[in-house]
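Peer 1: Mind having a look at this structure? Questions to follow.
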Amino acid sequence: MINISLSDGSVRQFEKGMTIYEVANAISMSLAKQAIVAEINGELKDLSTVIENNCKLRILTAKDPECLEIIRHDAAHLTAEAVKELFPETQVTIGPAIENGYYYDFARDKPFTVDDLAVIEAKMQELAKKNEKVTRELWNRDKAIEFFRSIGEHYKAEIIASIPTDEPITLYRQGNFIDLCRGPHAPSTGFVKYFKLMKVAGSYWRGDSRNQVLQRIYGTAWATKEQLDHYLFMLEEAEKRDHRKLGRELDLFHFQEEAQGMVFWHDKGWSIYNIVEQYIRKKIRKNGYTEVKTPVLVDKRLWEASGHWEKFRDNMFALEADNKILALKPMNCPCHVQIFKQGIKSYRDLPLRMSEFGLCHRNEASGALHGLMRVRSLVQDDAHIFCAEEQITDETVSFCKLLTEVYKDFGFTDIKVKFSDRPEIRAGSDEVWDKAENALKEAVEKAGFTYTLNPGEGAFYGPKLEFVLTDAIGRQWQCGTLQMDFVLLEQLDASYVAASGEKKRPVMLHRAILGSLERFIGILIEEYAGCFPLWLAPVQVAIATITSDLNDYALAVQKALIDNGVRTDINISPDKINYKIREFSNHKVPLIAIIGKKEKENKQVTIRRLGTTDQQVLSVKQLITLISEENSKYL
């Protein structure tokens, strides 16, 4: 007999040599029916696994989050099985689970079409309903290679040949389909119930553009119908909110081939950009930051001294002038250190908070570019805090407070913090890392945040905090960072005079709240679905006349608004008022000021707010006051 410790804390005895499924069935027949995989001593296993020794056992069902990846991997195999039945000449390659779904890469001469996807999905439903048994088989390496070659699956044969000789070769069989896989998998195809094929894209064998072009089918799979429906709804919402689409529709910005990854800001988009910058500038000034400006083009000698040339060279744009190699800066920190080094710094000067809206350039691969979210030319709301070790906690608490205020003003209240601690390869002593990590942890807790730990994910030069926002449709965006740095000031020989009179190295805190302005504006466009709050809207008030004889009054109202800093648009054309209202509403202007004869007589306007038919009559002065008061809260 063997002792099995179960997840409820009980310990039960079973015959040695029973499978996990048999144990589950002995506990409860309903549990055995629902079981997908199990965890033995922390390792996921198939239900067919034989238990030979005492162990800790967790039997997992669709309710357990660990099973979602299993279901998605099962769905990938089901996709491959369906493709092989429908298109037997197609070769299968790999099909992993990924975030929110899975993909499977196929080699075939003819691309899959949208119609093909519908047929494949229908076949998958059919195979799932058959509830085919899934079995794990251990194969001899040479036999497996020979088998896959014999059935024309040369990619699978190549994968097996590349597996280290000390690793077992395991295949999974379901119906007439067999695939190479480490597993584990559910006991039958019937556990894959709620899925959808999403799209087809091109890929390369082993991710190398020199290799064969493959056809990648993306799918999504979930444990329940509700989860699937929610995900599809979220995708639909995300498509409606896509900042690239709204950027065109609202005339905010565009991109073109002649300047890949560089934004062409239109007047309305640039207005938003400047408002965001103005807002951040006001916040940091109130929090004791100085603002500086450093060169965009810097001799490579500085990048060599800082270590960036060695580690970041491939992502830097460089050029030659006057027999020197110059590089467009990819980040601001080495330049900020140069300002810190001008003149003697004393402990009385610390903490020194140095900010810059620094224009940076990064040579991102063209395939990685994605609207405002991933660009080659970007401006960061970057700052570096030079402080003494004993000031780290207070500075971090202060930063967390500022960051929370900023996010709240933009409508983000769900903030998660990730703490990345020391990696295996790192600079500095364990004692220094202990101090740094403890200071950050203490600060985060003082600021009222809980955090999740990313073990070993800190940079080699210091631990890091990452701040993650959740948007209106549940997506998460990592924006803010606070990174401690023990190395750069050593490399660039920056110091201050301590109270004792000796020279000491300050600690450097790299920090950003928005990240890049471009990306954050992209997030804002999607968060608000283009309907910006009044203080942030590129056009705050649009004036629409009912008849042409009111144009002079409308122009006078516009001038009064502009003179008081209100961003306005106007339509005094002969078009009907309903058309004007519809056009301004389509451009998501928060306030529409309607002017008719009565409004002119009373020196008033009738205000209609975006998204409602309710109307409010205001004097021009009242309208200016309303907007000015709203602006003053933020700007």
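Glycine is no exception: its Cβ is also placed from the backbone N, Cα and C atoms.
As annotated in Swiss-Prot:
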BINDING   C333, H384, H510  Zn(2+) binding site
DOMAIN    1-61  domain 'TGS'
REGION    242-533  region 'Catalytic'
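I would like each feature placed in context: is it buried or exposed, what are its neighbours, and how far apart are things?
Peer 2: Around H510 (Zn(2+) binding site), the C-beta neighbours below 8 angstroms that are at least 6 residues distant in the chain are C333, D382, H384, T481, L482, Q483, D485.
The DSSP breakdown of the domain 'TGS' (1-61) into helical (H, G, I), extended (E, B) and coil residues amounts to 14 helix, 26 strand, 21 coil.
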Peer 1: When a 10 Å sphere is centred on the Cβ of H384 (Zn(2+) binding site), how many other Cβ atoms does it contain?
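Peer 2: Result for H384 (Zn(2+) binding site): 27 neighbouring Cβ atoms inside 10 Å.
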